[in-house]
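*Asks:* So TrEMBL lists the following for this protein:
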type: ACT_SITE; residues: CYS23; note: active site, proton acceptor
type: ACT_SITE; residues: HIS67; note: active site, charge relay system
type: ACT_SITE; residues: GLU111; note: active site, charge relay system
type: BINDING; residues: HIS14, HIS27, HIS29; note: Zn(2+) binding site
Amino acid sequence: MYRLMICTHFAAAHNLMNYQGDCENLHGHNWKVEVTVATRELDKAGLGVDFKILKKETNRILDLLDHKYLNDLPFFKGISPSSENIARFVFEELSKVFQESVVVENVRIWESDNACASYSLD
Ligand SMILES: Nc1nc2c(c(=O)[nH]1)N=C([C@H](O)[C@H](O)COP(=O)(O)OP(=O)(O)OP(=O)(O)O)CN2
Ligand SMILES: [Zn+2]
């Protein structure tokens, strides 16, 4: 199995729902996003998936979040826009993009240099 990972980022505002503390107030982050996909097959160029395509498709999804107030977006209606739920959103959207031979394994969302959450099917 080949595993590929790309890193990208977005910036947005949010406030956690049902949370008591600073993070219930409006604030923002520069989130770092790591996406891992797996494939058993390589194309004639020796690529599992072109990193350019993986970045482009991930960034297309992140554009839905970038410079937005996450709590206002349809996906987060009634769902707290935590790093966990952002990871699930990116995972589910990206999983719609690729054929069966390319499996999205993990999406990791870094909220700061020292705190991250990830989502995978396991
Ligand atoms: N499991 C999670 N815990 C928290 C999340 C989250 O998404 N998943 N999010 C937050 C808040 O968004 C908050 O902005 C982050 O708070 P905190 O970790 O305290 O960030 P700081 O920058 O203040 O970190 P320090 O290391 O204390 O400076 C909270 N928890
Ligand atoms: Zn936050």
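Cβ atoms here come from the backbone N, Cα and C positions, even for glycine.
Heads up, TrEMBL stuff is auto-annotated, nobody curated it.
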*Asks:* In whole Å, how far is HIS14 (Zn(2+) binding site) from the residue listed as 'active site, proton acceptor' when you measure between their Cα atoms?
*Replies:* 9
*Asks:* Counting Cβ atoms within 10 Å of each candidate's own Cβ, which of the binding-site residues HIS14, HIS27, HIS29 comes out highest?
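*Replies:* For the binding-site residues HIS14, HIS27, HIS29, the Cβ with the most other Cβ atoms within 10 Å is HIS14.
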*Asks:* Show, in sequence order, which residues other than HIS14, HIS27, HIS29 on the same chain lie with their Cβ within 8 Å of the centre of the Cβ atoms of the Zn(2+) site.
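*Replies:* Output for this site, in sequence order: ALA12, ALA13, ASN15, CYS23, LEU26, GLY28, LEU70, GLU111.
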*Asks:* For HIS67 (active site, charge relay system), which residues of its chain lie six or more apart in sequence with Cβ-Cβ distance below 8 Å?
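*Replies:* In sequence order, the residues whose Cβ lies under 8 Å from that of HIS67 (active site, charge relay system) (at least 6 apart) are PHE10, ALA11, ALA12.
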*Asks:* Cβ-Cβ under 8 Å from GLU111 (active site, charge relay system), same chain, 6 or more residues apart: which ones?
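*Replies:* Sequence-distant Cβ neighbours: HIS29, TRP31, SER83, ALA117.
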*Asks:* Around the residue listed as 'active site, proton acceptor', how many other CB atoms lie within 10 A of its CB?
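*Replies:* Cβ-Cβ neighbours of the residue listed as 'active site, proton acceptor' within 10 Å number 15.
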*Asks:* According to DSSP, does HIS67 (active site, charge relay system) sit in a helix, a strand, or coil?
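*Replies:* Once the DSSP labels are grouped into three classes, HIS67 (active site, charge relay system) ends up as coil.
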*Asks:* Can you tell me whether DSSP puts HIS27 (Zn(2+) binding site) in helix, strand or coil?
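*Replies:* DSSP assigns HIS27 (Zn(2+) binding site) to strand.
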*Asks:* So, in DSSP terms, is GLU111 (active site, charge relay system) helix, strand, or coil?
*Replies:* strand
